[in-house]
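As recorded in Swiss-Prot:
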- Lys300: active site, proton acceptor (ACT_SITE)
- Ser183, Ser216, Pro217, Gly218, Gly219, Asp235, Asp255, Asp271: S-adenosyl-L-methionine binding site (BINDING)
Amino acid sequence: MNTLFMHCRPGFEGEVCAEISEHAARLGVAGYAKGKPQSASAEFVCSEEGGAERLMGELRFNQLIFPRQWARGGYVELPERDRISVLLAQLADFPVFGSLWLEVLDSNEGKELSTFCRKFEVPLRKALEKAGRLVDDPGRPRLLLTFISGRRVFVGVASASNSALWPMGIPRLKFPREAPSRSTLKLEEAWHQFIPREQWEQRLGDDMTGVDLGASPGGWTYQLVRRGMLVTAIDNGPMAESLMDTGLVQHLMADGFTWQPKQPVDWMVCDIVEKPARTTSLIETWLGEGLCREAVVNLKLPMKQRYAEVRRLLDRMEATFKARKIRVSIACKQLYHDREEVTCHLRRLDLKPR
């Protein structure tokens, strides 16, 4: 139970290691991080008993940037037959669980195991319920079984309220056929990640206004229109006719980094390919000058020290807003639909309600 196991995007294992090591050092949890390149996972092995539990207790999962999912536990080697009996024996010292997720890594090997997991889950679930190890109670810990192979599994536990929203941190979003580009799924995932579902009507209402900077062809604009917002799309490139036909979109041929609205808007979204430091300046202007209430903005990460750069820019934003004496909540996550980038959500907390 003394290893913290984390899923991530393949190629970002080093970022997960850097991030969790920084948090562990700050909290005084001794150990070391490791992650095989392109494995889609990383671990923090704690040197002292209870270290992994303390990390998960002190940290909020939604404040971590690069991990998609986490669990504390250890590896179990399984026989070719009667895997369930071995797992039941291993779980004897674990708490009673309120839910069960079988997970695989986001790799070719992991995808090959997904069929096995679907078939294995039904008899395993029945056996756990019969043994009194699994009950229907969302308040109890979640059992997370990450299969590395059919014979090797990481048996982990996590709080259902302090871990990923979906198995492996991968949302099952359906691409809408009428959307102009697949980038639309990035913004839809951001809504789920950063805004509690019960607040959607209030914060993503059809009486709101939005701006999409670098909008062409309209993947992110589509999500705003889908919520019924009046949208100003800023881009020198063309917009999808289907969006223009809704009557909810005004397309202005302008530079997304220099254009500003005459009146404040509710939402600003931006997925422009640009150096992250320049995009950060854009965020500081829009939130700092009250041009929008909330924003979802992607920071592109072409550099090598990706976690260090993201951390530097987030700290810079926080210091900028503090110096201006304005209250802004800042969240950042590498979403499943992100590539070499992270998604930031910002919200002014000191503006009067609409």
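Glycine is treated like the rest: Cβ placed from N, Cα and C.
Known features from Swiss-Prot, placed on the structure.
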| residue | record | contacts (Cβ under 8 Å, 6+ apart) |
| --- | --- | --- |
| Ser183 | S-adenosyl-L-methionine binding site | Gly219, Trp220, Asp271, His337 |
| Ser216 | S-adenosyl-L-methionine binding site | Ala233, Asp235, Asn236, Gly237, Pro238, Met239 |
| Pro217 | S-adenosyl-L-methionine binding site | Pro180, Ser181, Gly237, Pro238, Met239, Ala240 |
| Gly218 | S-adenosyl-L-methionine binding site | Ala179, Pro180, Ser181, Asp212, Ala233, Met239, Ala240, Leu243, Val249 |
| Asp255 | S-adenosyl-L-methionine binding site | Ile234, Asn236 |
| Lys300 | active site, proton acceptor | Val273, Glu274, Lys275, Pro276, Thr279, Glu340, Glu341 |
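Secondary structure from DSSP puts Gly219 (S-adenosyl-L-methionine binding site) in a helix. In this structure, Ser183 (S-adenosyl-L-methionine binding site) belongs to neither helix nor strand by DSSP; it is coil. The residue listed as 'active site, proton acceptor' carries a strand DSSP state (E or B).
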